[in-house]
Amino acid sequence: MSGMSGDQKRPIHLPVLLREVIQQLDLSPGLVVVDGTVGAGGHSEHILRKIGTEGTLIGLDRDTMMLEFAREKLGVERLPEGQCHLRQASYAELPTVLGEIGLTSIDRVLLDLGLSSDQLGDDERGFGFESSGELDLRFDTSTGMPAWELLQTRSESELCEIFEVYGEERFSQRIASQLVKQRKTAPIKTAAELIKVVQQAIPAKALAAARKNPATRVFQALRIAANQELEQLETMLGSVLPEVLKPGGRAAIISFHSLEDRMVKQAFKDRTIWKNLTPKPIVATQAEQRVNPRCRTAKLRVAMKT
């Protein structure tokens, strides 16, 4: 976690659907595997064991903090040269990364499109509801526009669309209207300020009945917008995977958002490119959901390149 001293504890991050992912990827020694969202290395740690010293793991993440965690967890410095490559990049930039490494194709790819516990605990970028830092929400703070700036510059109709499409927020119009009204007085720059505005916008009855933070969907929508997540996924599904995955290669994608899941489902329906191995998505067992509540909305879809 950014700004954390060595004696402070990091949040425990449990890789989602780990057993199912490893099983569906059908790993063996010598394969070239891409973890396009390496995060803290939870899935990659097990992938490395399966592909052995003859295999190659390429781990990508837009977040430098996560790459440092992965480097430590995977013990990259102790691995044979060439067995593990970690790069700060989006999975949509995979062809460029492969070219830098000297490869043109891969055998397996994994994407986990959710946030990690480490990111949720990063106070500096405002990912968590308790954060006191600026509402940034970008994985890579060197590119794009922070979420608080989106809140200041987007029109009411644009904000409404972001909340409705990316967050599936039923009170999108009310929230957008309240935000525009509030920002005329003072900018909304922190999580607490945004939550307060959302609470003011939502009807009292709905607020009282809410089982989770009422700003959850708004945060999700802003994060997706700030990182252009759906555009990245569209590029990956539409051009990158068909280009770099070998025939017989497998793609496993974990999504947490219905829009992402629909995009993956639609892409894997193309029989000229894919053999869909999961007509119905794989979801977490009740046992895993008890241990790791964040996996409740996770859906794993897997396909083989034809």
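Using the three backbone atoms N, Cα and C, a Cβ is placed for every residue, glycine included.
Whatever TrEMBL says is automated annotation, not expert-curated.
Taken verbatim from TrEMBL:
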- Gly41, Gly42, His43, Asp61, Tyr91, Asp112, Gln119: S-adenosyl-L-methionine binding site (BINDING)
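Around Gly41 (S-adenosyl-L-methionine binding site), a 10 Å sphere centred on its CB holds 28 further CB atoms from the protein chains shown.
In sequence order, Val34, Gly36, Thr37, Leu60, Val109, Leu111, Gln232, Met236, Val240 are the residues of the chain that are 6 or more apart from Tyr91 (S-adenosyl-L-methionine binding site) and have a CB within less than 8 Å of its CB.
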